[in-house]
Amino acid sequence: MQYDLYVVTDEGLSRGLTHPELARRAIAGSADVIQLRDKKCDCDYLLRCAMEMREDCNKAGVTFIVNDRLDVALQSQADGVHIGQSDMPLKFARRVAPKGFIIGVSAGTVEEALRAEHDGADYIGFGPVFPTGSKADAGPVCGLDLLREVRRRVSIPVVAIGGINAANAPEVLAAGADGLAVISAVVSQEDVTAAARNLKAIISQYRLSGRQ
C-alpha cells in the first residue's frame, strides 16, 4: 500500500464542500489515501458519505479509510479504519475486522508506536509533528526528532500528521515519514485538487531524488 499523500476530509475546515466532494477533488489531485473523518455528524449521514467515497476511491484505485467508526468502515466496505489512543482497542478491531482489513493507529510517543506495532497495526499515524489547528484533540507537538526516533524503532509504515504543508513537507520526508497526512493543507484551500497535486509533486520529486 502506498501512503505518500494521505488526505483527511473535514467539512468544517472546507470551503463549503462535502466529504465526498472533497474526496473527489483530492483524488483528482493524485491522493493515495482518503480518510473520512467526522466526529460530529450523525451515523446515517456518515454512512452515506462513506458509501459514496468508497465507490469513488475504488474506481480510482485509491485506498479508503474511515476514522474511528469501525461499524461504518465495515458497512461501507472501506479498505480500513483509523483509530486513536482513546478509541476502541486495536486488538478488538483486529478480531472483528475481515482478513486484509487495514488498521491504522494514532501515536504521539515512541511507546505508543511500539505498542501499536506489537498489537497488529498496519501503519502508524504519528504526530502532531508541528502545531496544528485542524484537530482539537491532536495532543502535544512531537517534532521531527521524535518522528526520526519512531521511524528508527518500528518496522511498519509511519505516516506523519499535524501542521504539514508544502513548505515543510520535504523536511518531514527527510525525517523518515513514509507518507504525509494532511487536512487543512488540502481541504481548506480554494482549489483542493491543485493543493493535493502540488503536495504529491513535492513528494514524488523527493522520492525521485533518491534521498529516500
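Just so it is clear, glycine is given a Cβ too, placed from its N, Cα and C backbone atoms.
The 4-amino-2-methyl-5-(diphosphooxymethyl)pyrimidine binding site feature in Swiss-Prot is assigned to Gln35, Leu36, Arg37, Asp38, Lys39, Asn67, Ser106, Lys135. Take the CB of Arg37 (4-amino-2-methyl-5-(diphosphooxymethyl)pyrimidine binding site) and look out to 10 A: across all protein chains shown you find 19 other CB atoms.
The Mg(2+) binding site annotation in Swiss-Prot covers Asp68, Asp87 and rests on sequence analysis. DSSP assigns Asp87 (Mg(2+) binding site) to coil in the three-state reduction, outside any helix or strand. Residues within less than 8 Å, Cβ to Cβ, of Asp87 (Mg(2+) binding site) and separated from it by at least 6 positions along the same chain comprise Asp68.
With a cut-off of 8 Å between CB atoms and residues at least 6 apart in sequence, the same chain places His82, Ile83, Gly84, Gln85, Glu112, Ile124, Gly125, Phe126, Gly127, Ile161 near Ser106 (4-amino-2-methyl-5-(diphosphooxymethyl)pyrimidine binding site), listed in sequence order. When secondary structure is read from DSSP and collapsed to three states, Asp68 (Mg(2+) binding site) falls in the coil class.
Neighbour counts were taken as the number of other C-beta atoms within 10 angstroms of each residue's C-beta; across the binding-site residues Leu36, Asp68, the minimum falls on Asp68.
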